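A short worksheet on the structure shown next.
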Amino acid sequence: MNINVADLLNGNYILLLFVVLALGLCLGKLRLGSVQLGNSIGVLVVSLLLGQQHFSINTDALNLGFMLFIFCVGVEAGPNFFSIFFRDGKNYLMLALVMVGSALLIALGLGRAFGWDIGLTAGMLAGSMTSTPVLVGAGDTLRHAGMEGAQLAQALDHLSLGYALTYLIGLVSLIFGARYLPKLQHQDLQTSAQQIARERGLDTDANRKVYLPVIRAYRVGPELVAWADGKNLRELGIYRQTGCYIERIRRNGILASPDGDAVLQMGDEIALVGYPDAHARLDPSFRNGKEVFDRDLLDMRIVTEEIVVKNHNVVGRRLGQLKLTDHGCFLNRVIRSQIEMPIDDNIVLNKGDVLQVSGDARRVKTIADRIGFISIHSQVTDLLAFCAFFIVGLMIGMITFQFSSFSFGIGNAAGLLFAGIMLGFLRANHPTFGYIPQGALMMVKEFGLMVFMAGVGLSAGSGIGHGLGAVGGQMLFAGLIVSLLPVVICFLFGAYVLRMNRALLFGAMMGARTCAPAMEIISDTARSNIPALGYAGTYAIANVLLTLAGTLIVIIWPGT
């Protein structure tokens, strides 16, 4: 039996789509030196090559892909978006505005100088910034800009072409910029990170290991009684001195949980909870020959929970003010916008931050009620909320404003982005509403993006040969300028206007570019995870601004 593969793919859009995705994902795993091509560029290259052979796909699949992607971007940004906008993140907001705004203006200037149309200019901006949200926003706005027929098809093809030609140059140039810009500016990021660490009492280790606390029991002897010198537990400050706290005391056969007024007596058996290294550092008066093994005394259920910050009396306070250790709890991680932060007592808590806390189950539950709520450990997605807000986003996108002879539509990209932000924000405030497991959210977001990239490449592939010959050199030059010049402008603004610490500044700059590979290089250069503080500060707001930049460049382009 003979099978004509070309006819088979042309006759089955679903099969063609998944063939493109599979081949593209394989290609995306290849590396050029230390740089991995990535899924987006892999799928785009394969789809462009097949598009040259006149394979095509239903545009409805492309539209659904970009809608799912941009909605999930909003859901991710939602928990921290408003806190960055309205609280002490004004520096990060200003940095993101400078980065995105300068890139937009430079792209507009270069596009006009080279005589390109809006498709090439917007595509070049998206590729140079390695930002799919720009591509999505521009594509959606083009479809609602009044263009029709061949003019719209050409603009969309040029949009894909500009993105494909400049994406890799944007990624590689930013990675090299992240590696060498600190050296060219004579900035020692390691010293800057250590300075912040000293000021805030931070652990600068980017690869900090997290251990669970353990419980061990000891009998109080004369040395320990002499060490206590009649002071109660509050006066002794056991945790400050040892890193452990007393969870239980057995006295005269009676087991009890002590309060701060308890005084240690000869013969008491005490259960100490702390990290393994804290037990190892205990004074010999605790340990030598006095450890006991009592099932009832050691019977404590230590749990680790992720607590979402919600309560108004906690939001806006500093992490150190929670005094978790005074409540018998241990802080393992602080996560903001899916980014692990260094544990810093001076971090101002935002609504939606996640604190990973260990301790006795009752104590963790008590502290969770005071801070917010324990994140639901469920694999079930609230599909009703997902679909309802998706519908709301589409309806918002239908809104059109009329100004005399000029009309402006919000568009699906902005509408879905706003609806996603609201769903993410409400989820951070109501633990039982709109729950989407992080793995499910990432899968839908990535799948939507890959479907969109496949559709973009297949639709543009037939014209890539001609386009590459006509504007290839100009496009690569423009991509390099738009990728690096806004980074330099952002650095000068942050260093000399905002006077930010350099480690935080470089992290914030990579967050404004939403580029995780470059962020890893900055952390490696600083030998610290301190830059993650800056990265998290700009990342969420930059995703939103980049989508709006894609919409704005089409709106303000003459003739659209």
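Just so you know, glycine gets a Cβ as well, placed from its N, Cα and C.
Copied over from Swiss-Prot:
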- 8-28: transmembrane segment (TRANSMEM)
- 32-52: transmembrane segment (TRANSMEM)
- 66-86: transmembrane segment (TRANSMEM)
- 91-111: transmembrane segment (TRANSMEM)
- 158-178: transmembrane segment (TRANSMEM)
- 200-288: domain 'RCK C-terminal 1' (DOMAIN)
- 292-373: domain 'RCK C-terminal 2' (DOMAIN)
- 383-403: transmembrane segment (TRANSMEM)
- 406-426: transmembrane segment (TRANSMEM)
- 447-467: transmembrane segment (TRANSMEM)
- 475-495: transmembrane segment (TRANSMEM)
- 539-559: transmembrane segment (TRANSMEM)
Most Cβ pairs under 8 Å with the transmembrane segment (539-559), selected from 158-178, 383-403, 406-426: 406-426
Interface check, the transmembrane segment (158-178) with the transmembrane segment (406-426), three or more C-beta pairs under 8 A: no
Between 0 and 100, where does the mean pLDDT of the domain 'RCK C-terminal 2' (292-373) sit? 83
